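Undergrad: The following block contains the structure, expressed as structure tokens.
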Amino acid sequence: MSVLLFGVSHRSAPVSVLEQLSTNEAEQAKIIDQVLQSSLVTEAMVLSTCNRVEVYAVVEAFHGGLSVIGQVLAERSGMSLNDLTKYAYVRYAEAAVEHLFAVTSGLDSAVIGEQQVLGQVRRAYATAEANRTVGRTLHELAQRALSVGKRVHSETGIDAAGASVVSVALGMAETKLSGGLGGRTAAVVGAGAMGALAGAHLVRAGIERVHVVNRSLPRAERLAKNLTEQGVVADAVGLDDIARALVDADVVLSSTGAVRPVVSLADVHYALAQRTLAGAEHQMVVCDLGMPRDVDPAVSGLPGVWVVDMDRIQREPSARAAAVDAEAARNIVAAEVANYLAGQRMAEVTPTVTALRQRAADVVEAELLRLDNRLPGLDAAHRDEVAKTVRRVVDKLLHAPTVRVKQLASAPGGDSYAEALRELFELDPQAVEAVAASELPLITTDLDKTE
């Protein structure tokens, strides 16, 4: 069994396609349930962010597993399988491992080095673990990926430039607004993690006033209070009053995770009309960071309004440029992938080695029993010495070849050595499988260590 990845991301598809595939946790659970109904899939996890939807699964067969996952995603998105595959990418076995490590490290993000994806992978794994849809393989893969991501961010400067989607969007807004963001007013739509991140960037940019708009007013009030404590004039606005919050906003940042746009054409049109009546400036930059889109596409056609969406961010040179230490990050990922795969190959041969040692122990015990029957008068002391000697001989004979076979098995193609052991010593495949099952680790959520 190997890991299969079926995914669609900002690198392979336009925002409109990602919108069709965008899912919440409840929908992700349904996708996993459908995928696991097939006997070809034994474990599954869904990673859904504003920039990607990826299904990681442990499959019995590549083509069969690929067909199952592709069909489920096509049905959930309302697309035909043929249309979906035009935008999809597939990674299998080693390539799937390398991809997830790169994702958690921020190397596959719209803006190289952004850290939010590490938390998103953590939540995806936690959800799958809570729903018991991951077993040994995905458990070990996810835990190692989180560890690799943390190492990359702590040992390199890949995120030194604050390379998040928010910072790039605001950088683009500053170039559009004469005089930058200092002393201006912003509207932050959505008071979740992205909203809080947007607020932090706005404070650093010298923004003077922030309207925090959210469906849950108490949540908006909490973020507004936090911004006020940082020296910004901030207030909370319910989503129903969003048009009012846009009237004096020079820049709008929206990322809510809503199914439909929350910033409508009517809302922005109303805000512009109020500005006209007041004789105020019409210029407004709207940063749509939502997935699906938070902003009605028609808004971009209004005079004086410039919309920054995910497609535009991806085309921004600063978003495509690697951080200073990106190469170092890639080297870490490559080394971690090699170490992980070597460990996995070694783990695969371990049950065979254990079964061989058990087979040898059984032979020793059988011969000692035969000795007891042939020499019933042998005293206990001599019998124990003979037993120890025989066991030492067997251990010494097996030590070098078993250690060596583990070393050889860790290299690519090393599974042939385990097969050779099974053939040479006529080891029962069922006995080997029984040993492997007994050696499965207790699956525990170890999220704190990767934060």
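Each residue, glycine too, has its Cβ placed from N, Cα and C.
What you are looking at is a predicted structure, and each value in this text was computed from that prediction instead of being measured.
According to Swiss-Prot, the protein carries these features:
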ACT_SITE  Cys50  active site, nucleophile
BINDING   Thr49, Cys50, Asn51, Arg52, Ser109, Glu114, Gln115, Gln116, Gln120  substrate binding site
BINDING   Gly190, Ala191, Gly192, Ala193, Met194, Gly195  NADP(+) binding site
SITE      His99  site 'Important for activity'
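For each listed feature, how buried is it and what is near it?
TA: Under 8 Å, Cβ to Cβ, and six or more positions away along its own chain, Cys50 (active site, nucleophile) finds Leu18, Val165, Ser255, Leu289, Gly290, Met291, Met310.
Within the same chain, residues at least six positions away from Thr49 (substrate binding site) with a Cβ under 8 Å of its Cβ are Gln116, Val117, Gln120, Met291.
Residue density at Gly192 (NADP(+) binding site): 15 other Cβ atoms are found within 10 A of its Cβ, drawing on all protein chains shown.
In the three-state DSSP reading, His99 (site 'Important for activity') counts as helix. His99 (site 'Important for activity') counts 23 other C-beta atoms within 10 Å of its own C-beta, drawing on all protein chains shown.
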Undergrad: What are the non-local neighbours of Met194 (NADP(+) binding site), defined as same-chain residues 6+ apart in sequence with CB under 8 A from its CB?
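TA: Listed in sequence order, they are Gln116, Val166, Ser255, Leu289.
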Undergrad: Using C-alpha atoms only, work out the spacing between Gly195 (NADP(+) binding site) and Ser109 (substrate binding site) and round it to an integer in Å.
TA: 19
Undergrad: In whole Å, how far is Ser109 (substrate binding site) from Ala191 (NADP(+) binding site) when you measure between their Cα atoms?
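TA: With distance taken Cα to Cα, Ser109 (substrate binding site) is 22 Å from Ala191 (NADP(+) binding site).
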Undergrad: Give me the CA-CA distance between His99 (site 'Important for activity') and Gln115 (substrate binding site), in Å, as a whole number.
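TA: Between the alpha carbons of His99 (site 'Important for activity') and Gln115 (substrate binding site) there are 16 Å.
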Undergrad: Among all the protein chains here, how many other CB atoms are within 10 A of the CB of Gln120 (substrate binding site)?
TA: 19
Undergrad: Restricting to the chain of Ser109 (substrate binding site) and a gap of 6 or more, list residues whose Cβ falls under 8 Å of its Cβ, or answer none.
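TA: Same-chain residues close to Ser109 (substrate binding site) (Cβ under 8 Å, separated by 6 or more) are Asn51, Val103, Val117.
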